[in-house]
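*Asks:* Checked TrEMBL, it gives:
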- A:58-80: transmembrane segment (TRANSMEM)
- A:92-115: transmembrane segment (TRANSMEM)
- A:142-166: transmembrane segment (TRANSMEM)
- A:178-202: transmembrane segment (TRANSMEM)
- A:208-231: transmembrane segment (TRANSMEM)
- A:243-263: transmembrane segment (TRANSMEM)
- A:275-296: transmembrane segment (TRANSMEM)
């Protein structure tokens, strides 16, 4: 088409790459808090495999599906049979304590992903030679892991709550229990993120991290369950509750029941007394805070 | 303006003194920091980045105090570590964009600067492939790119030629020259090979055991350390003659400074072009065969042994 006009002077061709040399950057530099936020977003997306390979999406997405599916079924059944109320033993906070193994597997699989890559490939010095401090790094990673667990635990409860409105159930009751559920989700997020990240910060090998987290979360659960049962059978019902201090999931479940006066699952585990309730609540918060502090200490010397 | 100033900088660990009252003044340009392994190079870089506190003394980078303004320094400085630091499962583009954002660049600027920087360090189509498949030379370029992506005023390069073959080494050294000459970024580059820094740097600082051994412009350095290695055969007609000793005497008579390096090699100080002729004539007069005559690629240990030898002669 340019042949038709045939200009006297050759026009500069558009398809030539000109070496314009080095250009300096004089745009904005957004500093530490922006870098921390970017790392947070990236790590949060990374916990679900977003922005990473298809292979790394499979497990977190499958777990998300597994934890949501029963909620969808409950909603479907409730809507279909026109239930006026979800069965309390399987709704909101109690739903999470039933599904707690999914949370444990998610943490075991994804907490090492958040930390071990940077340790194994020695990428940390590149972060810390930038404005970001080691504390910012820990904040971003801890925040991202806790948020990822919160998404995982919050989503099925959101589904139930929306379902409750579709089935025209009691709005106030469902909103209230949805809120209790979110508190439980927040407890799970802080506690599990703390435990998972502290363990994975110790080893650059992902496999070790996965195994260690699974061991701590599920075996502690089993041991607590056995001790509880033994004491219960031998008539130490009030003291039996103390066995739960070593099990993260029972800790959250019983503390939430106590905090909001929910009748726990019939004769199931519950806090040993009001004092026990306070101790359990304090334990959750102390473990979360202590693991953050340990992580900050761990990353200071790099 | 000085890029780096240290004053009596000392870093003591419980068992070793990594830096011992180091006082240097580094001007803009390409500056080489030479020292054997464990000489304190990496410790110095850590202190300059504000990541480790000095035990005593002060240091300023780009006019900023390392003890109190570490964050501001790290915004303006790029760092390329000695060791591997690249995740193998992401592409160079993804990785450098991420590092640009960690330096505070907005997402769009980070992508633009990444494309520019990777092109400048010589990575083209391969930048979209995972880093795991790169050669050592390409990985070194990615490491350099992440140090340059936020357009720093100074880059600290820790052993950038480590693990490279001779061609890769020359490419990297050429690139380092360009970082200053074309990009206008000052460079502090460490190495344990003095020879390669002589060709690249304007100024060389030599440290050993955390102490400053020498700080001078490359021109001064070359004068002091230009050496010619000479090796000759035994004399066939008179095998008992110590030809090395005879040659040393002949060279001394010709007005050259030479010494044996312990083996069969004689090291002759190069005074100028005529040195080569004088050596050739001395060998020819002696009637021995010349096995080799080559300019020495100085290893840092030679500079040390030279200095120690000089000190010893001074004491005697």
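The backbone N, Cα and C atoms fix where each Cβ goes, and this holds for glycine too.
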*Asks:* Are there 3 or more C-beta pairs under 8 Å linking the transmembrane segment (A:208-231) with the transmembrane segment (A:92-115), counting only pairs at least 6 apart in sequence?
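*Replies:* Output yes: the transmembrane segment (A:92-115) sits against the transmembrane segment (A:208-231).
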*Asks:* Go through the chain and flag residues at least 6 beyond the ends of the transmembrane segment (A:275-296) whose CB is under 8 A from any CB in it; none is fine as an answer.
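*Replies:* Long-range Cβ neighbours of the transmembrane segment (A:275-296): 134-135, 138, 141-142, 187, 190-191, 193-195, 197-198, 201, 241-242, 244-245, 248, 251-252, 254-255, 258-259.
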*Asks:* Can you tell me which parts of the same chain pack against the transmembrane segment (A:142-166), counting only residues 6+ beyond its ends and a CB-CB cutoff under 8 A?
*Replies:* 39-44, 46-48, 63-64, 67-68, 70-72, 74-76, 78-79, 86, 91-92, 95-96, 99, 102-103, 106-107, 110-111, 114, 174-175, 178, 181-182, 184-186, 188-190, 192-194, 196-197, 292, 295
*Asks:* Give the nonlocal contacts of the transmembrane segment (A:243-263) in its own chain as ranges (CB under 8 Å, at least six residues past its ends).
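*Replies:* For the transmembrane segment (A:243-263), the sequence-distant neighbours (Cβ-Cβ under 8 Å, at least 6 residues beyond its ends) are 88, 93-94, 96-97, 100, 103-104, 180, 183-184, 187-188, 191-192, 195, 217, 220-221, 223-225, 227-228, 231, 269-271, 274, 276-277, 279-281, 283-284, 287.
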